[in-house]
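S.K.: As listed in TrEMBL for this protein:
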type	residues	note
TRANSMEM	B:6-23	transmembrane segment
TRANSMEM	B:35-56	transmembrane segment
DOMAIN	B:68-115	domain 'NADH-Ubiquinone oxidoreductase (complex I) chain 5 N-terminal'
TRANSMEM	B:76-100	transmembrane segment
TRANSMEM	B:112-130	transmembrane segment
DOMAIN	B:132-403	domain 'NADH:quinone oxidoreductase/Mrp antiporter transmembrane'
TRANSMEM	B:136-157	transmembrane segment
TRANSMEM	B:245-263	transmembrane segment
TRANSMEM	B:275-296	transmembrane segment
TRANSMEM	B:303-321	transmembrane segment
TRANSMEM	B:373-394	transmembrane segment
TRANSMEM	B:414-438	transmembrane segment
TRANSMEM	B:459-481	transmembrane segment
TRANSMEM	B:642-661	transmembrane segment
Amino acid sequence: MHLAYPAVLSALLFCTGLYGVLARRNAILVLMSVELMLNAVNLNLVAFDVWLSRTVRETLHSGQALTLFTIAIAAAEIGIGLAIVLAVHRNRGTSDIDKLRDTAERPESEGPDTEGPGSSAAEKAEATA
Amino acid sequence: MTTTTLAVLVPLLPFLGAVAGLLSGRTAPGFVRPLAVLPPLGSLVLAALVAVRQGGGQAVDAHTELTPTGSVPIELALHIDGFAALVAVLVAFVAACVQIYSTGYLRDDPRYPSYAALVSLFTSAMLLVVYSGDLIVLLVGWEVMGICSYFLVGHYWETPEARAASLKAFLVTKLGDVPFLIGLFALATDAGSFRITRVLGAVAGGNLHHPTVVALLLLAGVAGKSAQFPLHTWLPDAMAGPTPVSALIHAATMVAAGVYFIARLLPVFEASSAAMLVLAVMAAVTMAGSGLAALAQDDIKRVLAYSTIGQLGYMTGALAVGDRGAAVFHLLSHGAFKALLFLAAGVIIHAAGTNSLAAMSRMHGLRDRIPDAYWTMTVALLALAAIPPFSGFFSKESVLGTAEHATGGHTAHVPGAAGWIVLVAGMVTALLTAAYATRLWLLAFRGKGAEAPDHGRQPLTMTVVLWVLAVPSLAFGGLAYRSLPGWFDGRDLAPTLLTSILGTGLALVGGLLTYGAWQRTTALAARTPIGAVAAHPEGDAGLVEAEAIATHEPAYGDIAYAPDPADPGRLLLGPLHRAAASGFHLDAVYTALFVRPVQAGARLVRFLDREVVETYVGAAAALPRLLGAAVRRAQTGNVQTYVSALLAGTVVLAVAVLLVATGA
């Protein structure tokens, strides 16, 4: 099989993932898109490893070994990511990334105090509900 | 123990007492009084032992160098000649008296522990100045005294007068100390050593290259410390402190240090006839001016303060005619009777409940309330007015006799003009001194009017000290003038006939003139009621005095002046009275000359800082602030925006790298 097929496939997968990361609103879908990008990289790693092993006699297949590492780490990462999303959802009642803007830089006059009490009261209500 | 060990212990004992008093004042109040009284007493005993062992013979010299200090070495050195031995006895004696007196005077004062410790430190510093044989070590004691006087004058720091007076005392003496320090360096550079013996050796060998400059620079420091014109203005204001402190400052420490310093280094001053002439003029102006000012003061302590300035003028006058024996003789006898005058004045202020002579002159029977103070004060005033056979007579006559001797120009190193200046000013001052002493006595003790308030018996510690001090005031001069030349330079200190008759005659004239004026004016007293009395029968004397000082200005309109037509000084001085009361407006002159320009300069600097420098700083900050505001807009909080920017950046970089790699 020519190297171009897996390379194009992985590029497509990566672009799909990138689009998802940039455009999706739901945090879970963003995480899934990150997985897509990771898997595109994995595919690349495996494909190029095979391609290299064809020309070089003795190889350690480090690309495939690295893929195994990536899969294991991605599993751990997605676990933590989902846990965070779950915690945020429980706390805020939403996992919409557009609404999670606490780190935004506000003008000093209308600091967190102006909308602070109302929103924090809403948060508490949500948390207890 | 060797004499050197004893001499080292003399300043060390009060110092240790001060440290222990400061450390244990709060935790162990029972030890405060013993810690205050015993070290000066111990010092007195040791100083007397040192004096007996030294005996006016060969000077005791000892020195050790702790560490090399560069070009001119600084050594811990003792140099005890007859002058040092006797002055140390006086200092320890007066300090012991003051400490004993203070236990009664400031009985209930909450700050007594720190006060007693500072008095001990003050004493220790003065003893260091007296014994030190190294000019830099002497300077250490000199400056410690400056800071102690600041703290002690400001003892009643609740009142604005005390705060202002303590600051003034500190700043004015420091104004003299800066040239003094430069003078010391110049002297040491010429002589190659800070040791007094070496400096004197260099002077004798003619190795002093700039005697006039050095002498004038040193003179500035002496004028500040010894309250000589034109740096005397701090001394009358220093009356805002407690009376025992005034006694200590005026009798034994601080003001005596300047005179003593010149006495030690007199050959340096004698090397320049210009310096001697300046010294003579300074002494003359100080003497005559302070006599006139003392005649117009209303506050009993300010009268005594001006009299101190005048008597110090006598001492510098004696130095100006090259006789340090006479100067130190007057220093010793003046120390005794001036301490007595102040301590007795403290008793009077307590008993009368006022420090105003105008109020006292409207009080009947004050002398029966405080017979001890009455009799001892009379002795001290007679000594001050130089009436024979009191001790002030002999010491003052020795000064006048030397001045008379110098007028012929026969004294080595002394210009004849200096002799004339000192002699004439001394005679005028003798008249003025007797006049204000008589005025003080008449107004305080011969008042007519309402009965004096009853403050109960004075504490025994206060009255006993008065009698102890009355003995040297009465007899020291007469007993000592024959034996003292053996301790000093060996010059005869016996009064000469001509000046004795002239001086005593002028003093009698001054006293009688004042008595006559008082006879005429005293009838007016009943017609113009005046006076404010602070009566605290159960309080201690310090409380009464603090209130009296604080209420003088609201009650009489001025701190030094009272609108009293019954004052004989008003009749005697005539149109000069108002000016004399305010110290010839010297404070106003200094305000115009120095205070205002400094304040204007401060305002200019403030303007430059606030309006000019700060504008640049503000403008420099404005640009980053604008940039920050622009960048801040990018911080939307949306993670996806950030990632998009990251992607865009990556793409741009990748394209750039590709272009560079392909060489396009």
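Note: Cβ is positioned from N, Cα and C throughout, glycine not excepted.
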S.K.: As a quick check of your reading of DSSP, tell me how many residues in the domain 'NADH-Ubiquinone oxidoreductase (complex I) chain 5 N-terminal' (B:68-115) are helical, how many are strand and how many are coil.
M.R.: 28 helix, 5 strand, 15 coil
S.K.: To the transmembrane segment (B:6-23), which of B:76-100, B:245-263, B:303-321 is linked by the most Cβ pairs under 8 Å?
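M.R.: Checked against B:76-100, B:245-263, B:303-321; highest Cβ contact count belongs to B:76-100.
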S.K.: Same chain, outside the transmembrane segment (B:459-481) by at least 6, Cβ under 8 Å from its Cβ: which residues?
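M.R.: Counting only partners 6 or more residues beyond its ends, the transmembrane segment (B:459-481) has Cβ contacts under 8 Å with 97, 100-101, 103-105, 107, 329, 332-333, 336-337, 339-340, 343-344, 346-347, 372-373, 375-376, 379-380, 383, 389-395, 398, 493-495, 541.
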S.K.: Over the domain 'NADH-Ubiquinone oxidoreductase (complex I) chain 5 N-terminal' (B:68-115), what is the model's mean pLDDT?
M.R.: 85
